[in-house]
Amino acid sequence: MAFTVKNFHVFLLVLLPLLVSCDEKQVYIVYLGEHSGEKTHNEIEENHYSYLFSVKETVEDAKSSLLYSYKSSINGFAALLTPDEASKLSEIEEVLSVLRSQSTKYSLQTTRSWEFSGLQQGGTGFQLKKDLLLESSYGRNVIVGMLDSGIWPESKSFSDEGMGPYPSSWKGICQSGDEFNSSNCNMKIIGARYYIKGYEAQYGPLDRTLDSLSPRDKDGHGTHTASTVGGRRVQNVSALGGFARGTASGGAPLVRLAIYKVCWAIPDQGKEEGNTCFMEDILAAMDDAIGDGVDVLSMSIGTNRPVPFHEDSIAIGALHAIKKNIVVACSAGNSGPAPATLSNTAPWIITVGASSIDRKFLAPIVLGNGMKIEGQTITPYNLEKKMYQLVYAAQIVNADVPKDTSGQCLPGSLSPEAAKGKIVLCLRGNGTRLNKGLEVKRAGGIGFILGNRREDGVIPPVDAHFLPATGVNYENALKILNYINSTKTPMAYIVPATTELDSKPAPFMASFTSRGPSPVSPNILKPDITAPGLFILAAWSEASSLTKLANDPRMVKYNILSGTSMSCPHIGAASALLKAIHPTWSSAAIRSALITTAELNDNLGNPITDEFGKTADPFQFGSGHFRPTKAADPGLVYDASYTDYLLFLCSIGITNLDSSFKCPIKPPSPSNLNYPSLAIPELNGTTTVERKVTNVGGSKSVYFIKVKPPPGFLVTVSPSILIFNQVGETKTFTITVKASSVNKGMEKDKYAFGWYTWFDGIHSVQSPIAVSLA
Ligand SMILES: *[C@@H]1O[C@H](CO)[C@@H](O)[C@H](O)[C@H]1NC(C)=O
Ligand SMILES: *[C@@H]1O[C@H](CO)[C@@H](O)[C@H](O)[C@H]1NC(C)=O
Ligand SMILES: *[C@@H]1O[C@H](CO)[C@@H](O)[C@H](O)[C@H]1NC(C)=O
Ligand SMILES: *[C@@H]1O[C@H](CO)[C@@H](O)[C@H](O)[C@H]1NC(C)=O
Ligand SMILES: *[C@@H]1O[C@H](CO)[C@@H](O)[C@H](O)[C@H]1NC(C)=O
């Protein structure tokens, strides 16, 4: 084959690492876009080799350097290349981009190092109305692909009892490996594969005491997310200590699960410190999932920084997926509360933030003066009922401990003589929360109270400690400190924890949930939606302890976790149910249905708040908290096609994702993508965007517009009435946003929020607006 060399570069193809010597090999993804014409897998692989032959000295070298040949939908390959070879490949006309594997790091998005551990779901957390489940047959004919740390197939949550055969369209496989063979797949787990070539190219062969070279989950995360999407109803389960007892169930309990293990334990690092997922492994899994025939992809994986869409393997893979109408739900990230911290912001992905449910794990403290202080914990140990001496850690530290961290119970800081038999109050700060409890235990303390500092917010830290314990917010930590100061003989008792349901307010936003605006494309309002991600109970791997700590002997079948990793599979499940009810809907229509029907109020009827009790905004929750039952009948949808996304990409200057598409000379404004929300960064004067809605409700309907403009802006929608005579009919309208004179003083980069809603008396089709001034 002849390679034509480009004579100019339209865009930066690859940032070559400056510090790498010229012959040092690294993994690169060579991206070729779409497969053209019908080619056999052999022909595709031959084609990929031919690129390698053109830069490698020997045929052997070319053959051994190929890691993956992407054959299903994505056209491209991953190979070990020198920077020089990568550069040469990027000069070839057909090559759209060359991405260096390690340029972007991906990991699973549970909370960082247990900084936000604990969680709950299942039992009472996520109950769908029975009629929606029935209408969708509980998702029986829908296949959800999970890209994660694998699966613990023995969990009761993955029983296939009574499930019947899976759809005949399924082409996936059950890949054998360590402690995993085809007997581990069933009518619930219908496929399981693993992807490790990128990982091994970086770290060498997997340490098989650390993780299984197979789809088996030795971490817990993949089992947790898979059971949140599609776990069967299992009665009377709870976390260790009986917390959150109830019936565990995934959102779509009869959905079929296809497991793609792409995230692995990191060598020489504890599992609790996190894991890693390589972009070439992720892309290979997504390509296979598309070819295998999944309907939905749920990916609780994200990057540690914002990544442009054409350098992000999740965005690239998802673009191929939505072409086949596969819905892709991804976690928004756990980098909040700072603004502009989102990952997975491509407009063809559903980006999911995390919020609470209406459950607390109450373990109050009774002080010697009779005062009762609210605390929360999921620690499964109780004190014998009597009063104990209470001390503040700073009062009992060893002499050499610096003053600024003396209250923080850092390892080795407490004096055993002084701590023995007492309840010790420690403050958050440096060190992990669990280790602070371990330090109290090491020093002989009998109980542990962990207090927030001012910056830690009003939600107490909820963890599974190693001794009787509870967590308190800053205000309550101060009350305890004042009490300790007020008496010569401070005493306290920690009341055994109980699970309280129907707590109010709920939901509120988790402080860790990543915030908008989207750093990569501020013209798309992200996240899209929020779902439960705080203290979620779901199935767990029996090869991983409760805390993932290697020295924690507590093994559990169900565990409580927090993170946008936990909220994403809720949306994965809801998407699967919608797919079952509306099999012909596009992924954009399903996302639109979820977005426009979301809830803005909490269970007190007030606007959803953040963890400080302040009103939250669309940069935290998108359009609000998901309501799957409403989403099944949204009335109108904002649809978008693959071509619409390519046009959007043209408008933000990305032209190297599909070479068969030629950008128009004057692309539309990026705000014009037919998205069910509206973001206008840096508005200068006035702007007008267009939207198109499709009637999916009753055949004859009349919709009226209601607008709540962002403060300081005028919003007009035209026309203000839409009349539909049949299902499937589309209507176009414009939205004009004008800065009014009153907001002259508004700061640059500061956003104002509003809403516009189409209403026909039954359906309320609501879209958030975010706008900032130039
Ligand atoms: C899978 O492994 C189990 C346990 O080792 C074994 O009993 C079973 O026969 C194996 N199944 C297949 C299909 O090899
Ligand atoms: C649930 O399990 C607990 C302990 O595992 C047991 O004590 C209790 O009786 C069970 N409840 C029901 C309703 O089966
Ligand atoms: C954490 O430790 C660092 C280094 O010892 C110190 O500078 C910092 O003040 C500590 N942070 C807190 C919150 O105590
Ligand atoms: C407790 O008393 C100490 C010493 O008098 C003082 O420095 C500290 O600020 C007091 N703490 C509180 C919470 O009142
Ligand atoms: C806003 O638009 C006006 C008129 O086109 C232009 O003169 C001005 O520089 C723009 N302001 C900003 C901040 O872009």
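Keep in mind that glycine also has a Cβ here, set from the backbone N, Cα and C atoms.
Note: TrEMBL annotation is automatic and uncurated.
According to TrEMBL, the feature signal peptide maps to 1-22.
Here TrEMBL flags 27-105 as domain 'Inhibitor I9'. Taken together, the residues of the domain 'Inhibitor I9' (27-105) have an average pLDDT of 93.
Summarising the annotation, TrEMBL assigns domain 'Peptidase S8/S53' to 139-623.
The number of other Cβ atoms within 10 Å of the Cβ belonging to Asp148 (active site, charge relay system), over all protein chains shown, comes to 29. The active site, charge relay system annotation in TrEMBL covers Asp148 (among others).
Cβ neighbour count for His221 (active site, charge relay system): 31 (other Cβ atoms within 10 Å of its Cβ, all protein chains included). The feature active site, charge relay system is assigned by TrEMBL to His221 (among others).
Sequence annotations record features per position, and here TrEMBL assigns domain 'PA' to 399-480. Across the domain 'PA' (399-480), DSSP assigns 27 helix, 15 strand, 40 coil.
The annotation active site, charge relay system is assigned in TrEMBL to Ser565 (among others). Secondary structure at Ser565 (active site, charge relay system), as computed by DSSP, is helix.
Per TrEMBL, domain 'Subtilisin-like protease fibronectin type-III' is recorded for 672-771. Across the domain 'Subtilisin-like protease fibronectin type-III' (672-771), DSSP assigns 6 helix, 61 strand, 33 coil.
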* Structure fact -> Taking DSSP H, G, I as helix and E, B as strand, the domain 'Inhibitor I9' (27-105) contains 33 helix, 26 strand, 20 coil
* Structure fact -> Excluding its own, the Cβ atoms lying within 10 Å of the Cβ of Ser565 (active site, charge relay system) add up to 31
* Sorry to bug you, but what's the C-alpha spacing from His221 (active site, charge relay system) to Ser565 (active site, charge relay system), rounded to the closest Å? => 8
* Asked: Under DSSP, is His221 (active site, charge relay system) helix, strand or coil?
  -> helix
* Structure fact -> Cα of His221 (active site, charge relay system) to Cα of Asp148 (active site, charge relay system), in Å and rounded, measures 7
